[in-house]
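**Student:** So that we are looking at the same thing, I have put the structure below in C-alpha cells.
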Amino acid sequence: MDVKTYPVLEAAKNRTLVDNATYLKWYEESVADPEKFWGEHGKRIEWFEPYTTVKNTSFDGNVSIKWFEDGLTNVSYNCIDRHLKTHGEKTAIIWEGDNPYIDKRITYNELYDKVCRLANVLKKHGVEKGDRVTIYMPMVPEAAYAMLACARIGAIHSVVFGGFSPEALAGRIVDCESTFVITCDEGLRGGKPVPLKENTEKAIDIAARQHVMVNKVLVVRRTGGKVPWAPGRDVWYHQEIATVEPHCPPEKMRAEDPLFILYTSGSTGKPKGVLHTTGGYLVYASMTHQYVFDYHDGDIYWCTADVGWVTGHSYIVYGPLANAATTLMFEGVPNFPDAGRFWEVIDKHKVNIFYTAPTAIRSLMGAGDDFVNRSSRSSLRLLGTVGEPINPEAWEWYYHVVGAERSPIVDTWWQTETGGILITPLPGATDLKPGSATRPFFGVKPQIVDNEGNVIDGPADGNLCITDSWPGQMRTVYGDHERFIQTYFSTYKGKYFTGDGCRRDEDGYYWITGRVDDVLNVSGHRLGTAEVESALVSHHLVSEAAVVGYPHPIKGQGIYCYVSLMAGEVGSDELRQELVKHVRSEIGPIATPDKIQFAPGLPKTRSGKIMRRILRKIAEDDFGSLGDTSTLADPAVVDDLIANRQNRG
C-alpha cells in the first residue's frame, strides 16, 4: 500500500529535546538495561527517601509488578510544592468555561492553597490514607483539586465521568466501597445543565441497597441550581474550605501505594477497577508528557479530554503538573456555540500544544474549513491525537488545515491500563505516516503474535502484546487480582495482551487496527458489548440481545444491537426509542445505540455461543462472505437476519 511519509519538520528538529539519534540510543539502552535506564529517569521526580530497587516485575504465574518499591514520595508534592520556589506565580491551570466569555487562571501558589484546604476538609471528615473517595465532577478546576487533595493525604480517588448514569456511578461506588463522594450541584455542557447532584442522590440509594453506605457528600456550587439535599450528610465545598488551614503536610507514600482506581470496560460483565500506584505512574506520566509533546517551560498545553478518562488523569492533571506546565482545562464541547470553538480557544489562550481525539477531528472536519480558517492558530507548534486509531483522511485534514503544515502530529496509542503513552512519534525524531502510531516509547517492548501465540517478526499483522513491564503499568484489578491475570496475561502466557490488533510495516512502524475482543471503541471511549447487552436485557420486553460494532463516519465505531423480544411482543419504532432511552439511563449517553434490529433469533453454535463474527458482517452489509457457518445450530436464522436488515433504525 502506498503510504505518504512526512519527514520531521525543520522547526521541530531545531528545538527538540530528543532527535532521532538520541531516540535510537535511549530506546536501545531502555530495553537492554531497564534497571539502569529507569533508575536514572526515576530521579525526575523528588523522593523523600530514595529507592534502591528499580524494577521487580514478573508477567508469569501470579503476575507481580513493582517499581521503585522502597522509595517514599508524594504525587501532590511533586505536582505542586516542589515548583513553588521557582514557579509559584506561574499559571498552573487555565480554566475555559462552557460559556466562551468565562475563564480563569490558577497559579501554582493558588493551587497549593486550594489543594491543601481540600485535603484538610477530607481529613476533617475522617478520610484516611487508603480510603476510597469517589469524584463525580464536570471539567472544573475543583476536579483537579480533589484528585490532588486525595493524593496528598494518601486517599485513593475513583473519578467517574460526569456523563455516566446513576446506575453506572453506583456500580463504581459499590465496587470500591467508597463512603465519600465529591460532586457538583450541576455540570454545564453545551449550555445545558447536567444533574450531577441529583444523579449522585440516586446512585447513593442504589449503593445503599447493596450495603455500601455513603456517609458524606461534598458539593461544589457550579450553577446555583436547586438540588436535593440531605442535612448532616451533604456539605458545601465553599463553606467547608473556609473553615480549615491553607497548609497540609504531604503524606509520605510508598511508591507502590495505590494512587487511583479508574473503571474501564472489559469484554465481560461489569467494568474493571484499574489500579495505578504512586511512584512509577508519576515517573511515566511526567516523562511521556515531556518527551512526546516536546514540552518546554513556558508552553501552553491543552488536552481536550475529560478527567473522567485516563487521558485526563495522565495528560491534563498529573503529567503536566509534575512538569510545572500550564495545563488548560476545558468545560465545554467542540461544537458550542459553534464548530469554531476549539480554534478560538487556541487563539485566545495562545495554545502551543493541542491534544484531542479523532472523533472530534472527524466531526469538525465535517463542519467545514471555514470554522478553522477564521482563526489564526499561529501559536500552535504541535498536534496530538488519542483514544482510537485516526483514519488517514482525518490525519491529513488535521495536518494541512488545522496545523497549516507547521505542526507535527503525535498519534499516540495507549490504554487506561498502561498509565501513559506506549507507541508514539516523537516530534523532533520521527518521520510521520498518516494513520500510524509509529514507534514504541522508551522501555516499551511490543510484540506481534498470531492467534496461536506464535511470534511474528518483521512486517506482520496480528495481536499486539507487550513483553516486559514499564513503570506506568496498572498493578491489578481492584479487589480481583485473578481477573487481572485472566484478562491480560492468560491469552498469551508471559505477555501483556493489549486486546488490540496491530500491523507492523517494513520500517518497523506500528499501525493499530482496533480491538480484537468484544470491546467497542465509540468516540475514543471503551465500552464492553456485554455492558450494553445486559442493559438491553434488563428491559422487561427483551429476552436476548447481541451487540457489535460497525464502522461509523464520526464515532469510529457505532453501536449495532440485535434484539430478540419476549414471546408475543412485536418490535416498533416506539419500542426502539424506549430501548435507546433505557440503555442511556442504565449506562449513560455514551452508550446510545445507533441501530437496533429486532431479530426473532440470533445465530448460535450448537453449544449456544452467539457467533458475533456473523452479526458484525451483517451490520456492515458484508454478508457475501460469512465464512464457515457449519457449526450453526439453525442456519435459517442468518437468512432471516439478512432479509430483515432493513428493519433497523
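Including glycine, each Cβ sits where the backbone N, Cα and C put it.
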**Student:** Of the residues Asn215, Asn335, Asn352, only one is listed by Swiss-Prot in the CoA site with Arg189, Gly190, Gly191, Lys192, Thr311, Ser523, Arg584. Which is it?
**Tutor:** Asn335
**Student:** If I go by Swiss-Prot, which of Asp431, Asp500, Asp505 binds ATP at the same site as Gly387, Glu388, Pro389, Asp411, Thr412, Trp413, Trp414, Gln415, Thr416, Arg515, Arg526?
**Tutor:** Asp500
**Student:** Quick one: Cα separation, Ser523 (CoA binding site) versus Thr416 (ATP binding site), in Å?
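**Tutor:** Distance (Cα to Cα, whole Å): 15 Å.
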**Student:** Which number gives the other C-beta atoms within 10 angstroms of the C-beta of Pro389 (ATP binding site), all protein chains shown included?
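**Tutor:** Result for Pro389 (ATP binding site): 24 neighbouring Cβ atoms inside 10 Å.
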**Student:** Using DSSP and collapsing to three states, where does Thr416 (ATP binding site) fall: helix, strand or coil?
**Tutor:** helix
**Student:** Sequence gap of 6 or more, Cβ distance under 8 Å: name the residues on the same chain that satisfy this around Gly387 (ATP binding site), in order along the sequence.
**Tutor:** Ala305, Thr311, Ala357, Pro358, Thr359, Asn521, Ser523, Gly524, His525
**Student:** To which of the binding-site residues Thr412, Thr416 does the lowest count of other Cβ atoms within 10 Å belong?
**Tutor:** Thr416
**Student:** Which of the binding-site residues Lys192, Asn335, Pro389, Thr416 has its Cα nearest to the Cα of His539 (Mg(2+) binding site)?
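**Tutor:** Its closest listed neighbour, by Cα, is Lys192.
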**Student:** If you measure Thr412 (ATP binding site) to Lys609 (N6-acetyllysine) at Cα, how many Å is it?
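**Tutor:** Approximately 35 Å lies between the Cα of Thr412 (ATP binding site) and that of Lys609 (N6-acetyllysine).
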